[in-house]
């Protein structure tokens, strides 16, 4: 146990990595910090220069080595910096000044209850409306985002490193709450982060900005820009691009409509603001989550009405199920289990547990509706929709499918992580839950 500002904290708050030998942990962190930006370059080069062919891209980099990386690296430009800075500043202004309801998050390891501003959906609508107006008034051509996307990715990679160092320094010199600390390893503190809830004054939550206002909002803006670029180049938007873009925008709209759900997530309640979180939000999501659309800009695929509607319908069904999972859980929590799910009084497990601070708590576990299908079933339709918005690229190249594979691996890992936390927290009650709801994600499979 380590002490922070007089309050004892569980060791798990600081050390999130497995108990591997220190040299292994250090090498793994350094490798991720070096290789991750290179992989973004690999995605960009593969999609733009070799038509999505992993084989051609691999041969090029193996033959050229570091010289090849230096030759093709899209170095930052002034215009790319201005685009990123203008977008970030606009979203920061919306986050601070748009009217919002207060939302109180779950209690932190130090007993802190963070207060959030629920204005994400309003900010999303304002962002799309303003972007449409500046396009229609010829104040900005969204196609430029595609033209400078390599340089934009470079700016975002550099910004990730800069933001990580600033957050590391802030964690040491001016932490925002008692939920901060050091693992005793400088690299570990940089990689995993120092603070759980870093803020600039009480009005600007840095993790909300990174995760929601920058990462998810930029995802929407980039895919819209790519669709407009295809229209400029081809004279129309192909049905494949329409299916992919519409499904992504529905998903993003759902995210902001239910943003308070994200404030309860593991990312907000347990993950600190270090390189891993910062790079994911500033560079990985804008690059990887838009990679399917990046491929489709110069590779318009005609699916035909039947196939396009089938993919769109399947994706919309996955989006609906994901949303309904949230609705069922919210109704259950807000009514303290006194509601109806699928027309019936929901089955539940009443539990009593003791926190690491010796506090006695009561809670309920939902075992009805979608939550009777699998313990973490809310991740399953998210995997499904990622597959649905990738399928329009068809099967000529494997690279566009990296995003769907990554999402699947990430959400399977999230399900395992959630299951482990719940087992450690609820003990025998979680074991009873596992007996009643046998599967983690997919019935009869996993």
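Positions of Cβ are set from backbone N, Cα and C atoms, glycine also.
Keep in mind that this is a model prediction, so the values were computed, not measured.
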Original post:
With TrEMBL as the source, which of 60-77, 186-203, 240-257, 330-347 is set down as transmembrane segment?
Top reply: 240-257
Original post:
Which stretch does TrEMBL mark as transmembrane segment, out of 121-136, 361-376, 377-392?
Top reply: 121-136
Original post:
In TrEMBL, which of 148-169, 412-433 is labelled transmembrane segment?
Top reply: 148-169
Original post:
Do any residues of this chain, six or more beyond the ends of the transmembrane segment (26-47), have a C-beta under 8 angstroms from a C-beta of it, and if so which?
Top reply: 17, 20, 53-54, 56-57, 60-61, 69, 72-74, 149-150, 153, 157, 160, 185, 187-188, 191, 275-276, 279, 283-284, 287-288, 291, 294-295, 399-400, 402
Subject >> Result, the transmembrane segment (83-100) in contact with the transmembrane segment (273-297) (3+ CB pairs under 8 Å) >> reply: no
